[in-house]
Amino acid sequence: MQIFPDTFPGTDPRDCDSRIKPAEARNIECLNARWPDTFQHYRESRFTQIKNHWLWKIEFVMNHFYPTKYYEGYFILLEEDHFVVEDILHVSELISKNVWSPLKTDGIIALGSYDKDSNYLSNVVALTYWLAPKHNMGMAVSRVVWKNIEQCLNLFCFYDDYNWDWSLQYIGQNCFPGKLKALTLPLSTRVFHSGECRGLHHQKTSCSTELLATNILQMFSGPLLTRLYPTSLHLSKKIHTENIRQRVNGGWSDERDRSLCQSLFSNKWNKVLTHWAPKLIEYSPIY
């Protein structure tokens, strides 16, 4: 969007307003009139960029960044509003060696948790099915699992949801071999979310990111500090099952976004974009 603010993948002046009715959009012949989403709305580039950028980042690190191109361990996915606990690499290594090898093909490690009651007393890790609202923070993904996900990326690109995590949950339940699982750390999160104040889905007014960070640091200045760096972790034998509610959030019906998504995992420009985004193709190598 920064490079192409007035043309796709930014917002083209000829694009339909996001809330215009489809009948009116077709009447005025705005650019993407034929592509309303599930809720009869049209694309907003500030939202659609998220899913494509997430896919580009992982594809780049897995397949096009030479220092990691042949790395066979876990890739920990962190975002700018994540706050990590100091022993996160120790815990990740412990899991990798003793609990959940990066050669296993069916799951992602969820190092983060939104549970507010972490006490770090347990050395048990639990297996469950991967859920977007619970397991999207501090994910540790292995190359072999990503290769399985890649087989489902066409479905990912066409699922009408601008959120990468809800799209991942959908393919995890409907395409991924044996369903995508998550290895979790009950009451022992290693990643906190500091984006509650100014994140995409959170805009609290009486909130301070700095205060959130200070509170986390203070929490680990007391007894909790002695509970970090566990010497062992044990896998719960039982797979914890939950009711998986699949909802579609829309915002992802524009053929241009879907075609760009396909281009990112195929490493070649989709033919649709030669018509709709010639500047993007002319000036931008995919990787």
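Glycine too: its Cβ is placed from the backbone N, Cα and C atoms.
Cβ contacts within 10 Å of CYS16 (disulfide bond), excluding its own Cβ and spanning all protein chains shown: 25. According to DSSP, CYS16 (disulfide bond) sits in a coil region rather than a helix or strand. Positions annotated as disulfide bond by TrEMBL: CYS16-CYS30 (among others).
According to its DSSP assignment, ILE50 (substrate binding site) is helical. Among the features that TrEMBL reports, substrate binding site is placed at GLN49, ILE50, LYS51, ASN52, HIS53.
If you look up TrEMBL, you'll see ASP81, HIS193 marked as Mn(2+) binding site.
Here TrEMBL flags CYS152-CYS175 (among others) as disulfide bond. Listed in sequence order, the residues of the same chain lying 6 or more apart from CYS175 (disulfide bond) and placing their CB within less than 8 Å of its CB are GLN151, CYS152, LEU155. In the three-state DSSP scheme, CYS175 (disulfide bond) is classed as coil.
CYS261 (disulfide bond) carries a helical DSSP state (H, G or I). Cβ neighbours of CYS261 (disulfide bond) (same chain, under 8 Å, six or more residues apart in sequence): LYS51, ASN52, LEU55, LEU153, PHE156, CYS157. TrEMBL lists CYS157-CYS261 (among others) with the feature disulfide bond.
Residues or ranges marked as disulfide bond in TrEMBL: CYS197-CYS207 (among others).
In this view, LYS51 (substrate binding site) is surrounded by 27 other Cβ atoms within 10 Å of its Cβ, with every protein chain counted. On a Cα basis, HIS53 (substrate binding site) lies 20 Å away from HIS193 (Mn(2+) binding site). Per Cα geometry, ASP81 is the residue among the recorded positions CYS16, CYS30, ASP81, CYS207 nearest to HIS53 (substrate binding site). Reduced to three states, the DSSP call for HIS193 (Mn(2+) binding site) is strand. Highlighted in sequence order, THR48, TRP54, LEU55, TRP56, TYR162, TRP164 have their Cβ within 8 Å of the centre of the Cβ atoms of GLN49, ILE50, LYS51, ASN52, HIS53, the residues recorded for substrate, and are not part of that set. Note: the Cα of ILE50 (substrate binding site) and the Cα of CYS30 (disulfide bond) are spaced 24 Å from each other.
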